[in-house]
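Input: a single structure, listed below in structure tokens.
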């Protein structure tokens with residue numbers, strides 16, 4: 001029993017008589033019985049110098065609070081409640097066992113050792129545990145360690161455990177008894193708060209195999225509970241010192257333990273026996289120090305003179321105990337404000353048993369971790385929080401290299417087309433297809449190609465500031481390149497439309513400068529939109545964060561992918577404006593292609609290729625924009641889609657424009673410049689009739705179209721020359737033989753109509769054509785042998801249908817018609833006897849009215 005132990009200690013060491021010390025019933029936790037035992041000892045026993053003992057917090061605290069009235073010093077070896085540390089309330093209380101709060105400095109040292117700066121607490125709603133938690137909060141607060149969450153529970157800890165997990169608490173400091181510990185670890189297993197990512201630190205004073213007593217009261221399987229418990233660290237005071245130094249009794253702690261176990265036999269061991277043993281030595285040293293003090297100051301006073309009203313001796317005992325210091329079986333015995341500065345041990349639950357892994361010496365404030373004794377379930381100690389490593393989702397370098405190579409090939413192809421266009425700019429085929437506009441188409445394609453290099457540059461290649469600049473640059477380049485390419489294509493198509501759809505057949509001069517102005521106007525609209533965009537709401541670098549992902553390498557970190565974007569406040573509005581403008585441009589191009597589909601000069605008519613190009617570009621842009629939006633969290637896929645769309649659209653557009661010209665130039669260059677069908681139809685939506693007109697003139701400034709008509713003009717002039725010779729022969733025959741009038745009438749009447757029909761290709765004056773037409777209408781043809789009774793009596797000279805009159809009229813009118821109509825279609829001049837060879841010699845190029853000059857000379 002404790003009393004027998006105390007007596008044995010006194011007798012074995014011969015340090016004092018039992019009458020000077022008041023042993024309490026150590027394990028009596030009944031308040032009434034404890035107080036009665038104390039008051040009976042005070043009233044009926046001898047004068048006691050000190051009170052030794054007190055285990056239960058409730059009894060000990062009541063007695064300790066009342067000792068001041070009797071000037072008695074109390075020394076406890078088992079009362080660990082933090083409440084007794086209040087020296088204002090318990091000024092005469094000491095204890096050889098460390099307080100429950102003594103573990104907090106040790107926990108602080110352990111947290112610092114493993115660099116844990118973020119923890120959470122889980123506390124049972126009991127005063128003892130709440131006091132420890134409150135003291136720990138103050139200790140950690142002054143050391144810059146964050147308590148991210150503080151949870152408490154009464155009976156069911158699962159809700160609190162779930163909150164800890166929700167707040168990403170990885171280091172949990174628990175304060176609860178054995179029964180609640182089983183429930184806590186069951187909840188931890190259900191929430192997966194165990195293993196390599198979590199570390200539990202709980203009280204270490206639980207009994208051996210403590211979980212077996214409470215496993216049946218939980219709904220957790222034994223193997224699950226043990227899995228969740230694996231690796232937890234228990235913190236408690238050290239029952240016996242691990243040092244081999246001799247103590248004040250002359251024994252080492254190991255020798256003392258051996259002797260103690262031999263004397264107790266099969267009796268149950270208490271972890272407080274070492275502190276009780278050192279407590280007797282504390283009392284002995286205190287009395288010895290007090291006696292030495294009395295002998296040195298007043299030889300007439302002894303400790304036997306102490307009574308409960310002697311405040312002076314009470315103070316001497318109090319000071320003497322507070323200054324006591326020696327090495328005992330529990331380690332260095334030192335008091336600081338009545339609190340034992342002891343040794344705290346750390347144990348870890350490893351393979352269903354607790355293993356000592358380190359200790360903390362409060363006197364030296366030193367933590368010692370036994371080498372390689374702590375086993376963390378991961379490769380390294382758990383992190384105090386989920387380490388979020390932001391990882392930029394960047395474009396793969398091999399993918400960027402491949403697409404860049406394709407882009408370079410596209411630019412080389414565009415350069416080849418440019419070289420081909422410049423080299424053959426004087427060829428009829430290239431000249432008629434507007435080489436300057438072709439150069440702009442190539443330039444726009446190359447700008448589109450160049451934007452791919454900028455789209456592939458992200459934070460892995462350039463800085464944040466440079467990336468923000470690239471956001472604007474690549475948008476401008478792609479927009480301008482698109483407008484330049486398709487604007488030039490549509491501009492030259494508009495010129496063909498304006499000339500060949502000219503109903504009034506007025507002279508129309510459309511120079512390349514005007515087409516350049518049209519393209520410039522389109523670019524000006526682009527610049528206005530882009531400048532307003534840049535000034536009002538410029539593009540900025542934004543970072544989009546995605547859900548965390550586990551580390552592929554298995555480390556205790558989480559990867560948070562981030563992705564750079566070019567965005568602004570009103571991104572949707574600005575993109576809508578740009579898309580609307582580009583869409584209208586595409587619709588305008590489709591309209592021009594449809595309107596000029598019947599132009600039969602291949603060198604001028606690109607309507608089929610424009611339609612194919614617009615179709616491909618439109619479809620690819622729609623698909624690319626949709627897929628790009630859906631894959632915005634996958635930069636490799638997004639960049640691949642955008643780059644392939646740009647490459648495809650630019651390549652298809654350039655090939656459709658230039659490959660047919662290249663093939664035609666190599667095979668049959670003249671066929672493309674000849675008009676297979678001059679006659680084309682103008683469809684009117686508001687008119688019911690179709691107006692058929694002949695092409696009379698082509699833009700003088702456009703050499704390409706003029707040369708396109710030269711071939712047809714030459715053929716017609718040759719035909720006119722042949723007819724002219726026939727007419728001259730007929731005229732000479734008429735002058736010589738009037739009898740051949742019938743031959744003229746029958747065989748050459750159609751030739752005269754052929755001459756008149758040539759007028760369909762000219763822009764001559766209608767009055768000249770009416771000369772012969774009116775004559776034929778008023779004088780229909782008749783047989784030369786027929787006679788009119790009304791005219792038989794008249795003079796043959798007065799008959800206008802007589803052979804003489806016909807011969808006279810033909811001799812005068814045919815040369816006039818011959819010389820009047822041929823110059824208007826590039827034939828002979830008034831002063832020429834044969835058709836003019838060069839177009840520059842015609843009246844149109846000399847700007848001389850042919851009808852006036854011919855009529856004068858003819859007359």
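Just so it is clear, glycine is given a Cβ too, placed from its N, Cα and C backbone atoms.
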Here TrEMBL annotates transmembrane segment, and of 546-562, 597-613, 614-630, 665-681 the range meant is 614-630
Tell me which range among 636-659, 684-707, 708-731, 732-755 TrEMBL lists as transmembrane segment.
636-659
For the transmembrane segment (515-536), which stretch among 440-461, 473-494, 573-594 has the most Cβ pairs under 8 A?
473-494
Beyond a gap of at least 6 residues from its ends, the CB atoms lying under 8 Å from the transmembrane segment (440-461) belong to 392, 394-395, 400, 403-404, 407, 410-411, 414-415, 417-418, 421, 467, 470, 473-474, 477-478, 480-489, 519, 564, 635, 639, 642-643, 646-647, 649-650, 653-654, 657
Averaged over the whole of the domain 'G-protein coupled receptors family 3 profile' (399-681), what is the pLDDT?
79
